[in-house]
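Written below as structure tokens is the structure these notes are about.
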């Protein structure tokens, strides 16, 4: 039986901490004897603890109490002894809470749950109390020692009204008694000891990429895809252009693969339509956003214009109707939950007798309309294939020693639901097969053969959740702050985890690297779905999404344990009237807090996150003084919004994110007061100049000013802890730029550096200083030097870029603000063994340069551009080189801007000459002339080169090609590229006749048709008197584009002939010989 005291939920600490926030006089008088010592202690002690769901802030209390009593505070008699005892008590309580967290919450006795909640809530209140003291004394000026003693006596008020006259020692004694009471309750409740399981590997499981690519899209999908395609096909003999619009609803339980099926059919058919869109809806959609997303998918370039942001639902429906009126379209509306939302979307779908198709996926039969396709579970054979492919390196074969009984139980439990199978398999990876039966024998595993797939899938997800280590549980539950179908940027999520205290420090490893390990573990366990930089999973993981069934699970747990409070309407609720610790606004119009909301615990909010909200005139409430995280992501606010006027009062703030927050144009100068701020993310906001106060944020580790936020003078003098820096330096004068780039050399922890110069190029002396500083950044992984709309100068001879020594950890290198005369010598496999992405502007690509680039072992994306014609040297000569097989082995995406490419099959050799030509040197046209060999024989068994290349982009200078009458695009050798899917060609029409242009385009179409993959060919004309854009879809690939990369808008007349240069490289031997 619980006593009244025990059932209150927070204990004494939660009832008696109100005075701390008003007792500013006492706090202002307190300070450590050496201000810098406090900063050092804080950095060493605070991150070592970790915050989690069950233990709350317990792990942080002992280090902070120890820090509080350093220096002058040691004069208190007996304090150290009490502190040591308190530390022991905290150490004994935290393992018990860890053990509670290892058991599914619904299996605990009510008393155990109450005890854990009381301890967690008390820990939050105590940490808030200690942090408030610590941030007040941080950096204060020295004070009179007599005032210090008076202030110490007033510290009793921080712990309760009855203790107002006691000193700090007595306050600690009270905490000690409270924790002893908690320990006594633990003994009375007799909490069972459960040993936590170790975490899995931290690297991304290599089998997972194959699973996403080859399993969920292929295993068991052939039959359902064929059936759905049959339903969508036109009756034999019917003219497609005169058919009525067809609506098909795909219905099935969550996790059954409705989205996967719809996406497979969409990808297969969309090339047959004028336009297409694939848009998720979800349970509580913003209809305006859904309509806007449809428009963007239909025409990305047109409907991304800012003018469409301000349209309401009615106006967006009218825009859609107008756009679709004369087009044959294919639209997929994914995951529709409510008929009322569907009816609004349906208003925009035009019936124009052109054979358009609309697919709707839903788990509710009452929402289904039109022709209904009921998706069935996987067959037993397909289910086993999916399970074993996830478990055993994608082979799909079951080893002989697998426990048959366990496999059969798993199959019955998963009941053919792909999400359940993948989740179960991910949990079993790495476990001994003899432990599989233990999983099957877990309470609740077998519920009989009642066909309740949704219930069983939820149970499997819950089982996988409780199999997670404690720190991963906490990180996963935090994802409930995001809306459904939200693409969560990996790096931003990790910085948030760090700010919340979820990432535990390890010696020799940065917190961000540890956060990446956490992220990878969640991907490996299939609790989150990876979003790759490239659509074919060839790039890095840059974001994640959460399946709605997993999101249901974590939201339920977060709500029950008061971990996150979600507000997606006009109500903010928390269980049992608890204090709100983390508040997430989603897809709503934000309003000011009512007095009632403020009185019921909103002042204890530690994290405030708003996603896709209309902020309007909302102002950050002045009572939110305990905020650690403030993130306004993708929000709109009124012009000249002043909602951050209290920002300087948020002394606890660790993370400030305003990414994509329109209408925010400036930060208050008081931001310099936020001494604990670690991350400042302004990417996509309207802020153009950072206030000088940012220069005072000495604990800042991540500064993202985006491409336009300009650095204040002297920014880097004190920001020596930076790991990530993205900034614009246009506003700095020449000398300030030099000082800035010199200071970069002192940032020894820097991993990511992006410098933007929108108004033009960087001066010679600045580039020289920059080259020297880059040699000091030994941990650098990503480097980007970008310019705006002006053309960069070719690097002058005095800038010795060949002497630059870049980090061997470099993975991405983008240099747009410097046009190099040639490829530097440090572009080599030995110097850059980890480089995955290379983007350079280079005047001259010679034999050695091309061989070096081709030998980069990890290169997956290459973008080489020629500078503007008027900067080119005129002395370039043609060269032909012999290179070997093994070049560009991992390359997936390749762009040669200003160059034409050709692969020439040699009948007498397995080598294939790889040629680049910029349209000037006519003597090199032999490589680009008509083929005299028998075409059918040469294409029968083509040699394989650049085996993983999927996207290729290049230029064709038409006039130069046909100048002597012997040029042709008839034999580009694209059939030698076995993985090629998409080709984009810029057809330069300058000086060419219409017949010549049409001939080139016809030859390119013919080349695409002959490729075994039925290439998607995109043709874009340049330098045409009347600009035209022609897009051809060959076979069943997509119409638009999936272009290989985001590109700048081509300026009129930008691309024409590009110098006298031809390079031919034979692909055939060993790149290491280069």
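For all residues, glycine too, the Cβ spot is worked out from N, Cα and C.
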Per TrEMBL record, range annotated region 'Disordered' [choices 975-1024, 1025-1074]: 1025-1074
Given ranges 161-192, 193-224, 225-256, 257-288, the stretch to which TrEMBL attaches the annotation coiled coil: 161-192
Residues in the domain 'NB-ARC' (242-380) grouped by DSSP into helix, strand and remaining coil: 59 helix, 32 strand, 48 coil
Segment confidence, the domain 'NB-ARC' (242-380), expressed as mean pLDDT: 88
